[in-house]
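Under the heading transmembrane segment, TrEMBL lists B:12-34, B:50-73. Among the features that TrEMBL reports, domain 'V-ATPase proteolipid subunit C-like' is placed at B:12-71. The site 'Reversibly protonated during proton transport' annotation in TrEMBL covers B:E59.
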Amino acid sequence: MFAQLTTDPGESGFHAPKVGDFFPGPIVEGAPGWLTKYTILVAIAVVAILAFFLLAYRDPKLVPTKKQWFAESIYGFARNSISQGMIGPEGVRFAPYITTLFVFIAAMNFFAILPGVQTSPNSHIAYPLVLGLLSYFIFIAVGIKKHGAGRFFKNHLMPPAPWFMQPLLIPIEFISNFIARPLTLALRLFANMFAGHMILVVFTMGGFALLGAQNILLKPIGILSFLMAIALTFLEMLVVILQAYIFSVLSASYIGGALADEH
Amino acid sequence: MALAEVFGNLSAVGYGLAAIGPGIGVGLVFASYIQSTARQPESARITQPFVWIGFAVIELLALLGIAFGFVFAGDLA
């Protein structure tokens with residue numbers, strides 16, 4: 001009986017999610033190859049963000065309406081806490097970029113928990129990679145513009161240390177500052193959304209499989225599995241905002257490091 | 001007859017082992033934050049961004065385990 005309990009997959013069977021699920025084809029037959037679910041979701045996110053901020057700030061009042069207050073507090077948070085907190089007084093210049101990054105990533109991540117969609121463009125490595133490379137180029141460009149190429153690279157490659165340590169330190173600094181930064185920015189966001197989607201699919205599909213199992217004892221566990229899926233959706237809600245926040249905080253701190261006078 | 005046999009894939013066990021380190025690390029980050037906040041509550045706002053940066057950097061190690069699990073499995077598509 002125990003063997004049946006553990007191995008009997010039931011009629012519907014259980015199909016673990018595959019990596020291939022994250023590479024959907026064109027949305028309809030015959031559409032061009034780039035027109036996948038993800039590109040459409042990105043377009044929706046862009047339009048929604050534009051519409052929200054334009055509508056919220058179309059007719060600004062001294063005493064803000066609810067919508068205006070919401071938009072202003074998002075921008076205020078990104079400007080005061082993230083930009084100025086990480087970069088310093090100069091951070092106001094970068095507040096638009098940081099805010100855009102924060103809101104755009106949050107909106108794209110939000111698709112991961114939106115019922116009916118439940119997949120985020122960020123669970124495809126291409127989208128986080130572009131965002132990571134954007135932050136990477138911006139922090140290098142900003143640093144070179146402020147200090148000149150020589151001093152910028154000297155600040156970022158040569159930590160203050162005795163000269164005989166430099167052959168050891170320069171490669172380490174190079175890898176951590178110029179190779180790992182865009183990669184880790186992209187991978188962190190990607191892996192979070194990827195794993196989040198994977199977990200939700202496992203619990204939801206597992207719930208169906210267990211409900212459809214022939215063994216009556218397994219059916220209640222199917223309910224438990226669905227409840228776990230719901231609980232983990234709330235956890236994902238936290239991850240959605242947290243990852244957007246972390247991405248923008250790290251971008252801001254890279255820019256802040258590039259602008260800093262001394263290492 | 002084999003004494004013990006393993007079916008399927010050991011990568012889940014491997015990932016579990018790989019997640020121990022980041023788990024301890026993330027625990028240390030938040031433990032330190034709670035401690036410092038308890039000792040000096042007015043520093044809570046100042047240290048918060050660094051908590052999240054530290055958390056993100058450590059958490060990445062566990063996430064690399066997820067990504068590279070699939071990379072080394074060799075069946076990405």
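Glycine residues also receive a Cβ, built from the backbone N, Cα and C atoms like all the rest.
Note on the transmembrane segment (B:12-34): residues 47-48, 51, 54-55, 58-59, 61-62, 65-66, 69 of its chain, located 6 or more positions outside it, place their CB under 8 angstroms from a CB of the stretch. On its own chain, B:E59 (site 'Reversibly protonated during proton transport') has B:P22, B:V26 as residues at least 6 apart in sequence with a Cβ closer than 8 Å to its own Cβ. On the 0 to 100 pLDDT scale, the model's mean across the domain 'V-ATPase proteolipid subunit C-like' (B:12-71) is 89. According to its DSSP assignment, B:E59 (site 'Reversibly protonated during proton transport') is helical. Each residue in the domain 'V-ATPase proteolipid subunit C-like' (B:12-71) gets a DSSP state, and the totals come to 58 helix, 0 strand, 2 coil.
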